[in-house]
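Participant: The following block contains the structure, expressed as structure tokens.
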Amino acid sequence: MKKRLFSGIQPSGDIHIGNYLGALKNWVAMARQYDSIFCVVDYHAITIPYDTAGFRSRILHTAAMLMAVGLKPEECKIFVQSHVPEHTELCWVLSTVIQMGHLERMIQYKEKSKQHAENINVGLFTYPVLQAADILIYKAEVVPVGEDQIQHIELSREIARKFNTRFGPIFPEPLEKVSAGARIMGLDGQAKMSKSLGNTIALTDTPEIIHQKLKTAVTDVNRKRRSDTGNPDVCNLFTLHKYFSGSETVDEINKECRNAGIGCIDCKTKLAAHMSAELNPIRERYNAIVSHTEDVVGHLESGANQCREMARQTMGEVRSAIGIR
Ligand code: TRP
């Protein structure tokens, strides 16, 4: 029997290469090895201000992108969190086994509280408990995530442990699988790639846009003139070369940058070509998929039906364990 895998992604708009390298690419690589479930977490997304008008379409488009990067609805389950109400139901029960003090230590909560100081709602605080419920409702054991989510998975383990100790052994303790490309910097070279900072390359960007964006991207800041030698070790674009270009190109650039044999402009043109080669098929599949959103809706419905069945079963066990049934 395959172990169960669960992961989630927020429907927060254009998915970018940071999401791709930090999570999605890894999901595709792992999906078939496990009994895999992938979820568009719409209830998590409403903990920060958002536009209700485009929300449903962002949810569908996010699901479409999961399929475009290579997750196949026949090989794994893909669904929308709010379609399976047991997630929020279990969240309530789990919120009674974890202490406030524990949630107050969550880095993402502290960061988001700073970013949204005018709206530190209770949902922002209990966000990691809903995340634990997402995982535990399916008794998933493996959770592929980016580096920034490690603390939340540790908390999920703590919640599982606390629940099991008090009510009996129902939940396995889930383990995170962090991908190699877990922390991709934005084109400004300053902060993590993030939609809200506008420093991204989206998976839907055309080769022209990719090249255009790379032209303005920050490289080794100490290399001011073409004749200056550069240092690939501090260049964000060299990091991206490692993910998108073959080892031959990487070796060549590593050498030629250091002796000023290649300039940043040519280096960027090469990167744009390699990146486009990898992203083109994804963009094309995406465009084909979103031209038939009724199919996406159908896949999500069938995913939700299968997940609801499993979630109901776990909730039944939870209800008996806590003594209400
Ligand atoms: N919090 C995750 C993120 O921002 C998304 C998420 C929600 C998730 N529930 C999850 C990830 C469960 C893994 C497992 O990336």
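Every residue, even glycine, has its Cβ placed from backbone N, Cα and C.
Note that TrEMBL annotation is computational and uncurated.
TrEMBL lists these features:
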BINDING   Gln10, Pro11, Ser12, Gly18, Asn19, Gly146, Glu147, Asp148, Ile184, Lys192, Met193, Ser194, Lys195, Ser196  ATP binding site
MOTIF     11-19  motif ''HIGH' region'
BINDING   Asp134  L-tryptophan binding site
MOTIF     192-196  motif ''KMSKS' region'
Participant: According to DSSP, folded down to helix, strand and coil, what is Asp134 (L-tryptophan binding site)?
Facilitator: helix
Participant: Which binding-site residues (Gln10, Ser12, Ile184, Met193, Lys195) fall within 10 Å of the residue listed as 'L-tryptophan binding site' by Cα distance?
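Facilitator: So the list is empty; none.
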Participant: Let's check the environment of Asp134 (L-tryptophan binding site): how many other CB atoms sit within 10 Å of its CB?
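Facilitator: Step by step: centre on the Cβ of Asp134 (L-tryptophan binding site), count other Cβ atoms within 10 Å, giving 27.
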Participant: Let me make sure I understand the span of the ATP site: among Gln10, Pro11, Ser12, Gly18, Asn19, Gly146, Glu147, Asp148, Ile184, Lys192, Met193, Ser194, Lys195, Ser196, what is the greatest distance between any two Cα atoms, in Å?
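Facilitator: Greatest Cα separation within the listed binding residues comes to 19 Å.
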Participant: When DSSP is mapped onto helix/strand/coil, what comes out for Glu147 (ATP binding site)?
Facilitator: helix
Participant: I'd like the number of other C-beta atoms within 10 A of the C-beta of Met193 (ATP binding site), please.
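Facilitator: Met193 (ATP binding site) is surrounded by 22 other Cβ atoms within 10 Å.
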Participant: Could you tell me the mean pLDDT the prediction assigns to the motif ''HIGH' region' (11-19)?
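Facilitator: The predicted confidence over the motif ''HIGH' region' (11-19), as a mean pLDDT, is 90.
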Participant: Have a look at the binding-site residues (Asn19, Glu147) and report the one with the fewest Cβ neighbours inside 10 Å.
Facilitator: Glu147
Participant: Please list residues from the chain of Ser12 (ATP binding site) whose Cβ is under 8 angstroms from its Cβ, counting only those at least six apart in sequence.
Facilitator: Ala45, Tyr50, Arg58, Thr62, Lys195
